[in-house]
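Heads up: the structure comes next, in structure tokens.
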Amino acid sequence: MGPAELVQKISINAESPRGGERNDCGAGAERGPAGGWRQKCAAYVLALRPWSFSASLTPVALGSALAYRAEGALDPRLLVGSAVAVLAVHGAGNLVNTYYDFSKGIDHKKSDDRTLVDQILEPQDVVRFGVFLYTVGCICAAGLYAVSTLKLEHLALVYFGGLSSSFLYTGGIGFKYVALGDVVILITFGPLAVMFAHAVQVGYLSVSPLLYAVPLALSTEAILHSNNTRDMESDQQAGIVTLAIIIGPAFSYVLYTVLLFLPYLIFCVLATRYTISMALPLLTIPMAFSLERQFRSQNFNKIPQRTAKLNLLLGLFYVFGIMLAPAGALPKL
């Protein structure tokens, strides 16, 4: 081999990446998009705020349990369909909330949901996902009409009432921004959702689910109120008005305490006057005292999530209590 050929061979070897380098680059190229998709999927989940889904799942379970006690039968297709429909509307409403909070400059680097603030998702991504979920909810509602004996006008009234409320909470009128968000949540994720799940099972609208929804609605409102109390300072800076801002920190604590413990008073009345199975939700009262202490100390870190966990457990024990009640023991069933 001549000197010229030797120099040419060395030059070629220097320009070619080593095998280990090629593997590393290839692996990095493969990991990049996969990691990006994983991050984006996680951002979609975060924007949905899944920790809040107890507010929609427990009313569906309660309405279905009330229907079972009233009719002695439960259609699992209607149970699953109503759960998916309500979850889809709830998730879409959370995305609308994410979009409008970001648009109005309310979300910031310390917010629970920073998917738009950190530019993990674009606003149009959130809009498209919200439209998709609303579409899923409407498809489920159509399926429920095909299976249930409930009249179309009654199904549409309750379902689209809930859908409109989930959008108008922050979209359109924006009830959240004019101190009416608490009223919307109290009605939608309580009486309305319970009535919806009950009606698709039994085939008619009834007043009794509205009464049984009261303890659950109060517990659900506690989630929102704890969130609004925590965010009072940033909400004031953004120029929006919530009930927590209007009544101030001291009365916000009083209201939160009432929302936490009034359901237990109702359960005590039901347990002593009708059936002992209604005392099951009282098993969660230590969690309520723990939350009250945390709120009183103004340590609001994760308190909405912890209140949602209490809401889920309280709702499940409430449903179990109704299912275990002797036939005819509960009023209006």
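In case you wondered, yes, glycine gets a Cβ from its N, Cα and C as well.
Taking Swiss-Prot as the reference, the stretch among 29-49, 155-175 described by the feature transmembrane segment is residues 155-175. For the transmembrane segment (129-149), same-chain residues at least 6 beyond its ends with a Cβ under 8 Å from one of its own Cβ atoms are 44, 47, 75, 77-78, 81-82, 84-86, 88-89, 91-92, 95-96, 99, 155-156, 159, 163, 199-201, 203. Same-chain neighbours of the transmembrane segment (155-175): 85-86, 89-90, 92-93, 96-97, 99-101, 134, 137-138, 141, 144-145, 148, 181, 183-185, 187-188, 192-193, 195-196, 199-200, 205, counting only residues six or more beyond its ends whose CB sits under 8 Å from a CB of the stretch.
Nonlocal intrachain contacts for the transmembrane segment (78-98), taken as residues 6+ away from its ends with a CB within less than 8 angstroms of a stretch CB, comprise 47-49, 52-53, 55-57, 59-60, 63-64, 107, 113, 115-116, 126-127, 129-131, 133-134, 136-137, 140-141, 143-144, 147-148, 159, 162-163, 165-167, 169-171, 176, 189, 193, 196-197, 200-201. Highest Cβ contact count with the transmembrane segment (240-260) among the listed stretches 177-197, 199-219, 310-330 falls to 177-197 (criterion: pairs under 8 Å).
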